[in-house]
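Visitor: I am attaching a structure below and will ask some questions about it afterwards.
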Amino acid sequence: MRIALTNDDGIQAPGLRAIYKALIEAGHTVDVVAPVTEQSAVGHAVTIAMPLRVKVFHENGFRGHGVYGTPTDCMKLGLSSLLEHKPELVVSGINAGANVGPDILYSGTVSAATEAAHMGYRAVALSYDSFRPEDISAHARHAAALLPHIEWAGLPERCVVNINYPAVPVESIKGVRVCPQTRAVWHDWYEHRTDPRGGSYWWLNGVIPPETVAPGTDRALLTEGYITVTPLRFDFTDSETLTRLASLEE
């Protein structure tokens, strides 16, 4: 299978390199278009006020296009202009840090997959539930083996399959669960700090309170040690509320 690979952690990130190697070893052809720099939590941002520049990375058996832009830029430019062949599947990841619940709105990883889906491609987002993953080569091999089992024929158009791996050894994973995303939200705060030169700055912190996470949702099952699989479609219409606002019509 021909696969286009991207991420939001950057083209040199360990997660991308791990899944690249695993997909190649599984017999797939992999074309990489990924950001040159760290782009975590940029959401679905698109560069419109400056040109996009591209750097080719070719080292130790790895080859890919590095884009000085966002993950969405990578997909828009890569799938329309850079890649000579259309992929059968787009994979975004493996991200350092889970993308569950409200993370999905902020995630450059999920946004890259979403952009690919909007362009008519089958797309998967892969994430690992640790911001400092060590060796995830075994998880990458597991993901490479899991991807061919997705039954795309039964899924609607522009659907993204969001897959998250727990931060446990592969042999300790309890299984795979298809589940909804949690509706719990981040409780954020900013730490006010002073730099060595006396300047003031702020640093974001946050937590999703465990008691707000409903059982059977992606965050809950991931914490329990399951691989979570959540199909996503980005229609933000609140259908239940449409009729309540009908009085606004003239």
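The chain as shown is numbered from 1 upward.
Just so you know, glycine gets a Cβ as well, placed from its N, Cα and C.
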Visitor: Given that Swiss-Prot annotates D8, D9, N95 as divalent metal cation-binding, name the residue from S40, S80, S81 that shares the site.
Guide: S40
Visitor: Quick check: with D8, D9, S40, N95 left out, which same-chain residues have Cβ atoms within 8 Å of the centroid of the divalent metal cation site Cβ atoms?
Guide: N7, G10, A13, G15, E38, Q39, A41, P71, G93, A96, G97, S107, G108, T109
Visitor: Please list, in sequence order, the residues in the chain of N95 (divalent metal cation binding site) that are at least six apart in sequence and whose C-beta is under 8 Å away from its C-beta.
Guide: N7, D8, D9, G15, S40, S107, T109, A125, L126, S127, Y128
Visitor: Within a 10 Å radius around the Cβ, which one of these binding-site residues has the most neighbouring Cβ atoms: D8, D9?
Guide: D8
Visitor: So for S40 (divalent metal cation binding site), how many other CB atoms are inside 10 Å of its CB?
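Guide: Other Cβ atoms found within 10 Å: 19.
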